[in-house]
Each structure stands twice: as C-alpha cells, then as structure tokens.
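**Student:** First, the structure itself, so that you have it in front of you.
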Amino acid sequence: MDYHNKLILAPMVRVGTLPLRLLAAEYGADITYGEEIIDHKIVKCDRRINELIGSTDFVEKGTESVVFRTCDQEKDRVVFQIGTSDAVRALTAAQLVCNDVAAIDINMGCPKPFSLSGGMGAALLSKPELISDILTTLRRNLTLPVTCKIRLLKSPHDTVELARRIEKTGVHAIAVHGRYVLDRPRDPAKWSGIADVVSALSIPVIANGDVFEYDDFQRIKSATGASSVMAARGALWNPSIFSPEGEVSYEVTQKQYIRKCILWDNDIRSTKHTLRDMKSHYTSLEVPEWRAVIKSESTADIAELYGELEYYQLIKSDSHKGYR
C-alpha cells in the first residue's frame, strides 16, 4: 500500500463499519480505516463467508455477533485497526484477518477510558518499549503493511523521539493526531506538532486533526508537509468531503448511508449511532425524526422512516443480486 498523497477515512469507534467505509471510498477516499477492534475480541472469532450478502465476516464464537465485516470491494484499501497491549495477542489478531485487509494499524491514540484501563490506545504512549515490541513483532511476522496512530506528547521533543523510535521498528507509515491525550474534539488541532514529526522522519506521516471540508486536505498537507491526510468527524458528518467536485447535502449522503446499511445488513446499533452523529452536526436531536430513530428496532424500521422500505424489500428479495 502506498501512503503518499492519499485521502484517508480515519478509524472511528462504532461508526467505521462497512457501509461508511464504502460510501467514503465512492466519494474519493483512497484508504479506509475500520473502527478499532480489541484484540481480545477478534481472537475469539471465526472467519465466515456470508454468501447471502457477499461479505467476509468475523463472527464471535458463542454470541454469533459480527465483530468485523468486510468485502472484496475494499480489500485493497481497508485497514484493520487493533486495540492491544500485548505483542503476541496483537499478532494473533492480525494473522486472523491479514488475508482480507490491506494493512494492519495499532491504535496508540484513543483517550477513552475503556482503552486506557486496558493499557491500550493512548496508554501505550508512555510505554515506548512495549510499542517497539508490538510493532517489531508484527513487522517480522506479517507480509502486509503495518502502521500505527499516535497523539502528541507533552513536548515536541518527546513526540519526535517516540516517532523516531516507532520508525526504527520498520513500520510503513505513522498517523499523527494533532491533539494531546487530554484534549477534547473542541480543542484546536496543533498542526505544528505534526510538522515536527514530519521533519524528523523519512517514512510517510499521515496528518489528522480538524479536516472538515475538501480544501482542508491541502491546507493541513501544506502546513505540515505530511505525505497524506486523514479525516474523522468531517467525513462522518458528510462522507462527500473526499470529493473534489464539492460536497453534496448531508440529506443525500445520509440516504446513501442508509441504503448501504440495508445492502450490507449493518448492525442496527451501529446504524443508529452513526445517524445520530451525522445529524447532530446539522440539526437538533430533539426533533420528532430523531425520536423515531431512537425507537427503531431494526433496519426495516429505519428504511421505512426514511422512505427506503421499497429498496429494503427489493434487497431482501431474490432480485437483489447484482446490486453489490
């Protein structure tokens, strides 16, 4: 995988499932990261071919819940991001999915309590030896690209030193979120901190932070010198952010997202969560429409609410073949 001059969909918990990844790619995303999946979770899964919808599913033993769903359409661009605090477990997780994805990424930036409490995500930033162990183990045993995503440390020097140590493990690229661990999304991203890393490394650096419209891709690239750029919330609010032809209305992308959820049988909880995050940027969640979304118990309910029941019935019938 080439990490130069790419527009990238960032990993986002609960929303970065197959429908959003495919929609972002249709609008121009070159690389699409899946949501972070914890190593403990994926190693309990069986790989299954879902012939009904044409997907490859990783299904948790016992619960039969789909932990990760992908398809041939995205095989050359989807990145599987792992939440881990153990090199051997990370390798086991990566080996399970490595034939169905384009690259493996290790999450080293998530500040959420569930990650920190397990020694994962941003908790790794203070454990450079463990970082080296995880990344070196993956690089030595996998043939596909390995990357990681970090946040800024307390000082530019500390961030650069960690990035240099990561580079020595042989990773193919490093993504840098231009915020500190304690920063919140409302805090402005520090693009200068990303630029410090870019100037110190020879491997591609992916810039992430405050990319909300198409022109921001070039702005952050110019400001930091990064090889590629990653968008998170901007792409969630409107996946057409990746299109050089300009954004379309969020009502349009919302409908397109719902159709992909129908097509790929997306988990209803993920669908509702993503719709909430999409809508909350543009409208109040106090409107009757959103209350109806909350009450929805199935994809069929969502389809009916948004006038897509006929499409839903078509996809569920024998005539759906060829739509994917």
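Cβ atoms are placed via backbone N, Cα and C, with glycine included.
Note that TrEMBL annotation is computational and uncurated.
Here's the feature list from TrEMBL:
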type	residues	note
ACT_SITE	Cys110	active site, proton donor
BINDING	Pro11, Met12, Val13, Gln81, Lys149, His177, Ala232, Arg233	FMN binding site
DOMAIN	8-273	domain 'DUS-like FMN-binding'
**Student:** Taking the Cβ of Gln81 (FMN binding site) as the reference point, list residues of the same chain whose Cβ is under 8 angstroms away and which are at least six residues distant in sequence.
**Tutor:** Pro11, Tyr33, Gly34, Glu35, Glu36, Ile37, Ile104, Asp105, Ile106, Asn107, Lys149
**Student:** Quick one: Cα separation, His177 (FMN binding site) versus the residue listed as 'active site, proton donor', in Å?
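**Tutor:** Their Cα atoms are separated by 10 Å.
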**Student:** Considering every residue in the domain 'DUS-like FMN-binding' (8-273), what is the mean pLDDT value?
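**Tutor:** Computed over the domain 'DUS-like FMN-binding' (8-273), the mean pLDDT is 97 on the 0 to 100 scale.
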**Student:** Using all protein chains in view, find how many other C-beta atoms are within 10 Å of the C-beta of Met12 (FMN binding site).
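**Tutor:** A 10 Å sphere around the Cβ of Met12 (FMN binding site) contains 20 other Cβ atoms.
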**Student:** When you look at Pro11, Met12, Val13, Gln81, Lys149, His177, Ala232, Arg233, which the record names as binding FMN, what is the longest CA to CA distance in angstrom?
**Tutor:** 17
**Student:** Measuring Cα to Cα, how many angstrom lie between the residue listed as 'active site, proton donor' and Val13 (FMN binding site)?
**Tutor:** 10
**Student:** Using a Cβ-Cβ cut-off under 8 angstroms and a sequence gap of six or more, which residues of the chain neighbour Arg233 (FMN binding site)?
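**Tutor:** Once residues fewer than 6 apart are set aside, Arg233 (FMN binding site) is near Pro185, Phe212, His281.
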